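*Asks:* Okay, so TrEMBL annotates it like this:
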- E1303: active site, proton acceptor (ACT_SITE)
- C57, C62, C65, C87: [2Fe-2S] cluster 1 binding site (BINDING)
- C127, C130, C162, C164: [2Fe-2S] cluster 2 binding site (BINDING)
- V275, V276, V277, G278, N279, T280, E281, V282, F355, D378, L422, K440: FAD binding site (BINDING)
- Q809, F840, R954, A1121: Mo-molybdopterin binding site (BINDING)
- E844, R922, F956, T1052: substrate binding site (BINDING)
- 18-105: domain '2Fe-2S ferredoxin-type' (DOMAIN)
- 247-432: domain 'FAD-binding PCMH-type' (DOMAIN)
Amino acid sequence: MSEINGTMADVKTRSGSDDLIFFVNGQKIVETNADPETTLLVYLRRKLGLTGTKLGCAEGGCGACTVMLSRYLPHSEQLLHYAINACLAPICSLHLVAVTTVEGIGSVAQKLHPVQERIAKSHGSQCGFCTPGMVMSIYALLRNNPTPTMAEVEEAFQGNLCRCTGYRPILEGYKTFTVEGGCCGREGGCCGTNGSRAEEPSEDDVAEATPLFDAGAFAPFDPTQEVIFPPELMSLTKGQRSRSLCFHGERVMWLQPASLGEFLCLKWKHPDARVVVGNTEVGIEMKFKNMVYPVILAPAFIPELNSVTHTDDGIMFGAACTLSHVQEVLKQAVETLPPHQTEVFLAVLEQLRWFAGQQIRNVAAVGGNVMTASPISDLNPVFMAAGCRLTLMDKDGSRVLQMDDSFFTGYRRTALRPQEILASIEIPYSKKTQFVSAFKQSPRREDDISIVTTAMSVTFSPGTNVVEDLRLSYGGMAATTVMAKKTAHRLLGRCWGEELLQEACSSLAEEMTLDPSAPGGMVTYRRTLTLSLFYKFYLTVLQKLRLQGVNVEVVRSDCLSATEIYRPQAPSSVQIYQAVPEGQSQDDVVGRPMMHLSALKQATGEAVYCDDVPLYENELYLSLITSSKAHARIMSIDTSAAERMPGVVCCVFADDIPGSNATGPILYDETVLADGQVCWFFSSGDVIRVRTTLTLSLPPQVTCVGHIVGAVVAVTHVQAQRAAKAVSIQYEELQPVVTIQEAIAAQAFYQPIRTIQKGDLEAGFNQAKHILEGEMHIGGQEHFYLETNVTLAVPRGEDGEMELFVSTQAAAKTQSLVAKALGVPENRVLVRVKRMGGGFGGKESRTTLLSTVVAVAANKLKRPVRCMLDRDEDMLITGGRHPFHGKYKVGFLGSGKVVALDVSYYSNCGNSMDLSLPIMERALFHMENSYSVANVRGRGFLCRTNLPSNTAFRGFGGPQGMMIAESWITDVAQSLGRPSEEVRRLNLYTEGESTPYNQVLDHVTLDRCWDECLSRSRYHQRQAAIDLYNRQNRWTKRGLAIVPTKFGISFTAIFLNQAGALVHIYTDGSVLLTHGGTEMGQGLHTKMVQVASRVLGIPCSKIHISETSTNTVPNTSPTAASASSDLNGAAVQNACKVLVSRLEPYKTRNPEGSWDDWVKAAYFDRVSLSANGFYKTPDLGYDFESNSGRAFNYFSYGVACSEVEVDCLTGAHKNLSTTIVMDVGHSLNPALDIGQVEGGFMQGLGLFTLEELHYSPQGVLLTRGPGSYKIPAFGDIPAQLSVSLLRDATNDKAIFASKAVGEPPLFLASSVFYAIKDAISAARAESGVSGPFRLDSPASAERIRNACMDQFTKLCPPAEPGTFTPWSIQV
């Protein structure tokens, strides 16, 4: 086997360090200078050049860095394979371990592994950044279990996130490996491609559904052909007597003791050393909390700490046992032991089901979970309620503690002495009359930290319902895990019945209090949960007592659903699209479900993203210095400590900018780096003036937390980041404006205030029989593209030329702003974009924040400079979707027909204009959604605040505008007591009606989408079933909603509606195609190749797109506004038609010839085989002053119907079903378009039900990564998902009669929000409350629970606003 030696010639072995030996993809690595602070991810990418493994978050929360580890266990002679997060694994933990990365299992060049092939061909890879992690999660599963169940596949994905696909195609591709989904080999495609269904779709749907891929064509999976475990490693493992290891790093020493005795001696010698097994906690502390632990003890391989012993009282686990192992052992015990003994085990297993992701459970130790002492630990409440016994040891002996409320002595502190270690934990058997339950409530069900977690154990006197012992343990209610001792004591000796319940609830409400300013917020909700979860336990125990023959109250049938444990349903799906017309040539791929052109490369890790570009020889790394204050003057900056640090080359500040420091996508109202030149001046509501003259007396100002002040450039990423944190800034703080309400009070608005008005508002309200007013807040949203912002700038050494590799949607704008900052003409700056790992609008204008700074540093040092932001930096700096507040007054008739609407929108823009004005304009253009209102006025106010500037995000203001519309239409229906579906239908636009901006609608397909959605969703049967269900269930309610969307297609800025293309034909007949659009996963390049293939009449295999660059197609518009296929497709068509006309004479002369013949003939005849194409959208131009002109080229329409089930006690909800009917015209590629519909829908699902940005009152973003900010995961897909592309819907305004599809489907997820609101209405009716009510977005578990008013919420009234400082505020 080849051997890679990890030494670098110029680095001597650090004194006393052992050699670290491990294998990567079968190759032996000997690292003589292993640094304990180096993670496996950094080592793979930077040292070994294996860039298939991606950095997504650096905290083990997204799965992009998943790899497989394999170990040989000599004592059992077994191989252990398991998936881990490379971003958290220190290389020092890998001694004698085999690492397998995505590159090690297959490649496009040689042979694909079935796991790689199936995700690509089932259309499960869009931007592809998450794909290698998905591949490795399933690969590890299959190495252990070649025929998994679908539930095991879903479990394997609990630690993986995707922002593009909506997850359905990934599951569908991998279903083919499962026992349920093995391919039947039926002719005409596999029956497994449409999923096993809990509730079968209609026969019509199945008959129409055409599989998007042919599972029968997949290469068979043969588990015997896997890569073998390296034989040398096996003999090394067998031959090595256990020996201790020591690795010295720059700041940290890693000690790996070989025996328990040695471990205890080391802990005695180093009492403050951190003990690390999985590094899932310490790794995050060192990365994000800047902790340094000079000594780390790693006892992961000590046999005693990994042992499992069955005792008379229970099962004893060594403290280093991983959670996966604990799970396995307990599952086995539950299967073999009598049920009464396994109550505690079942409670632990219930918590482990939702504990982090598989990659974390595979390495995190049970002892680490206890010793971390997290106040929101999922397991510690169970261990406490069960009275688990802990064995503690030091070199002088051992002691046993029972885990009770004295074990945790304070926030993240335990009763262990510094020299002691936790050796084992004994989880006891339960007694015959003991009942134990555990509950966890979190924002998202899978891989999420708890809001409140609890375990409850009750023991009865035999044969009675008299309480003998009661333990109620809660996490999330104090700085430690706590016991409700007073309540438990009060209930001893009491009978388990209604009286006990009343007393328990009032006692818990008194005992489980929280300061209204408590960290984590949600105080009312958390207090209510303590009661609601006890009530669930109370009912569960009643049922169990009855089963034991004890005479207790019967649980009412309508309360039974409160005791059900959530079991996920395998998702099923149907995709329906129109086949290409009969007679269409097989070579003509337009309209066919063709795979994304990069999908196979993405699945093997061979696709190159910006940070995968190999390192230049003298390259440096940049890290940003950002403001920690929302509004302040900088009084001094001290860089001396940073400049003394190893590897630091220089700091960069505003003085280093050779050109202009003023920047911004439309107005130059921002700085590249903070300085005193650009200052804001406000007077009440006045227009803002910008002073750009240098005023030396003015200190630099920062106007948000995350404002870029400067940068540090160093030799490595880590050195730059450490130095940036060492820069000290002194501030003079100024009063910040953070929320929309504060901006309104201060009249802090950007100008202009936009208005659209049509009809006679006063007359409309006079005509109305009813008038109602309401308001709603819509929270912001983080883009969470899996690939964060990244730029590599390479000075070209002459004439001020600079080449930039950037992950951006706007190459031309990047070129322009970099040139401005460098003070050179734009022709000296080349911007290249190969592909992005997701964009969603977040890389339209805000990427230039980073690109300009990196370019300035590269220019100063005349060396290549790279920077990829960490997830927390990216979230802090780059802004997201604008939070909106809407106020409305609506007039309507008794029938529900709306006759007058007055609506005002307020958006939180942040500290600069960015694209806030066009975003507000689009919100106003969509203020009526799909409803015809004769008399209407909409006004938009742009609030200037001290938050990072908010920006474009899929939908661009449209979703916020339409969300308010759906709020008032729901209020109208509720106030009249009419079905909302009827009121919506009554108000829908029809052909020939005109919008508030006086655009007449033609080719309206809303009614067709609506009727098809009603019938496909079986709406009326569903509604009847829901009414019955809600009558039969008190504590779970179901809701249903059907919502339309109408989305205008065009940039609202007219000049952006243009595109260029450049097509070269080479003499071998191959074609190189370039156009102005960028590829971010949406499949734009694939569609452009399809267009060129049709026009040129050649197969796609002859056409190649390399990248988007400013030196091939100049002055490009950003890839945005859903219009890129329309614009670039028409430009490509234009260029190809020119070439076809040039080749026509040669085809005529040689009709029997081939494409290659005609190309050669033209070349020898000296005909140009290169053509430019250009397109501009005709007849556009809207004027706000006169409210006239065409704002949009055409509209995309869609309708979605969703059903949900809400748990009224916790606020959790299940997405039961969604049916979507979308008009995409004649689809260019149904697989890509359905992928966009599903991906957009899931992103909207996040926006409206899950994703919540929390800011402190001082304007600090508190949610800065996947640990605290939750995007939808696999478990959030509707259990039934049907997507149908409307048939026979032509569109004469876009390429080949297609329609735009990127943004329009996102808003359809509001059907889930309004289904939730429908379910809440049913819950409120039980408490005698009816009529319209306010529900802000997102409909989080907290908002849902607080809106379901009942006896428990009454016991926990919220604190009076103004009497406390909240932990987070609604911005």
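Numbering starts at 1 and runs along the chain as it is shown here.
Just so you know, glycine gets a Cβ as well, placed from its N, Cα and C.
Those TrEMBL annotations? Automatic predictions, nothing curated.
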*Asks:* Compute the C-alpha separation of C62 ([2Fe-2S] cluster 1 binding site) from C162 ([2Fe-2S] cluster 2 binding site), stating it in Å without decimals.
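*Replies:* Cα-Cα distance, C62 ([2Fe-2S] cluster 1 binding site) to C162 ([2Fe-2S] cluster 2 binding site): 8 Å.
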*Asks:* Of C57, C65, C162, V275, E844, T1052, which binding-site residues come within 10 Å of E1303 (active site, proton acceptor), going by C-alpha to C-alpha distance?
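*Replies:* Among C57, C65, C162, V275, E844, T1052, not one has a Cα sitting within 10 Å of that of E1303 (active site, proton acceptor).
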*Asks:* Between Q809 (Mo-molybdopterin binding site) and R922 (substrate binding site), what is the CA-CA distance rounded to a whole number of Å?
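*Replies:* Cα of Q809 (Mo-molybdopterin binding site) to Cα of R922 (substrate binding site) measures 20 Å after rounding.
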*Asks:* Report, in whole Å, the straight Cα-to-Cα distance of C162 ([2Fe-2S] cluster 2 binding site) from F956 (substrate binding site).
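*Replies:* Between the alpha carbons of F956 (substrate binding site) and C162 ([2Fe-2S] cluster 2 binding site) there are 21 Å.
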*Asks:* Return the residues near F840 (Mo-molybdopterin binding site), defined as same-chain residues 6+ apart in sequence whose C-beta is under 8 angstroms from its C-beta, sorted by sequence, else 'none'.
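*Replies:* Spatial neighbours, sequence-distant, of F840 (Mo-molybdopterin binding site): R163, H783, Y785, F953, R954, M1080, Q1243.
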*Asks:* If you count CB neighbours within 10 Å, which one among the binding-site residues C127, V277 has the smallest count?
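*Replies:* Per-residue Cβ counts within 10 Å for the binding-site residues C127, V277 bottom out at V277.
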*Asks:* Around the [2Fe-2S] cluster 1 site (C57, C62, C65, C87), what further same-chain residues have their C-beta within 8 angstroms of the site's C-beta centre?
*Replies:* L41, K54, L55, G56, A58, E59, G60, G61, G63, A64, N85, A86, G133, R871, P1266
*Asks:* Express in Å, rounded to the nearest integer, the largest CA to CA distance found among the FAD-binding residues V275, V276, V277, G278, N279, T280, E281, V282, F355, D378, L422, K440 named in the record.
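*Replies:* Between the most distant Cα atoms of the FAD site, 27 Å.
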*Asks:* Find the longest CA to CA distance in the recorded substrate-binding set E844, R922, F956, T1052; express it in Å as a whole number.
*Replies:* 16
*Asks:* Take the C-alpha atoms of C130 ([2Fe-2S] cluster 2 binding site) and C65 ([2Fe-2S] cluster 1 binding site) and report the distance between them in angstrom, rounded.
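*Replies:* Checking the Cα atoms of C130 ([2Fe-2S] cluster 2 binding site) and C65 ([2Fe-2S] cluster 1 binding site) gives a distance of 8 Å.
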*Asks:* Using a 10 Å cut-off on CB atoms, tell me which of the recorded positions E844, E1303 is the least crowded.
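*Replies:* So among E844, E1303, the recorded positions given, the one with the fewest Cβ atoms within 10 Å is E844.
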*Asks:* State the Cα to Cα distance, in Å, between N279 (FAD binding site) and C127 ([2Fe-2S] cluster 2 binding site), rounded to an integer.
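*Replies:* Cα-Cα distance, N279 (FAD binding site) to C127 ([2Fe-2S] cluster 2 binding site): 30 Å.
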*Asks:* Measuring Cα to Cα across Q809, F840, R954, A1121, which the record gives as the Mo-molybdopterin binders, how far apart are the two most distant ones in Å?
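*Replies:* Binding-site diameter by Cα atoms for Mo-molybdopterin: 12 Å.
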*Asks:* Residues other than E844, R922, F956, T1052 within 8 Å, Cβ to Cβ centroid, of the substrate site?
*Replies:* G841, L915, P918, I919, E921, A952, G957, G958, F1051, A1120, A1121
*Asks:* Mind checking how the domain '2Fe-2S ferredoxin-type' (18-105) divides into helix, strand and coil residues in DSSP?
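*Replies:* So the domain '2Fe-2S ferredoxin-type' (18-105) is made up of 15 helix, 31 strand, 42 coil.
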*Asks:* So which of the binding-site residues is most packed in, judged by how many other Cβ atoms lie within 10 Å of its Cβ, out of C162, V275, L422?
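*Replies:* Counting every other Cβ within 10 Å of each candidate, the maximum falls on C162.
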*Asks:* Residues other than C127, C130, C162, C164 within 8 Å, Cβ to Cβ centroid, of the [2Fe-2S] cluster 2 site?
*Replies:* S125, Q126, G128, F129, T131, R163, T165, L786, G837, G838, G1081
*Asks:* List, in sequence order, those binding-site residues among C57, V277, L422, T1052 whose Cα sits within 10 Å of the Cα of A1121 (Mo-molybdopterin binding site).
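*Replies:* The binding-site residues passing the 10 Å Cα test are T1052.
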*Asks:* A 10 Å Cβ contact count, applied to the binding-site residues F355, F956: which residue has the minimum?
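*Replies:* The binding-site residues F355, F956 were compared, and F355 has the fewest Cβ atoms within 10 Å.
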*Asks:* Within 10 Å of the Cβ of C65 ([2Fe-2S] cluster 1 binding site), how many other Cβ atoms are there?
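*Replies:* The answer is 28 other Cβ atoms.
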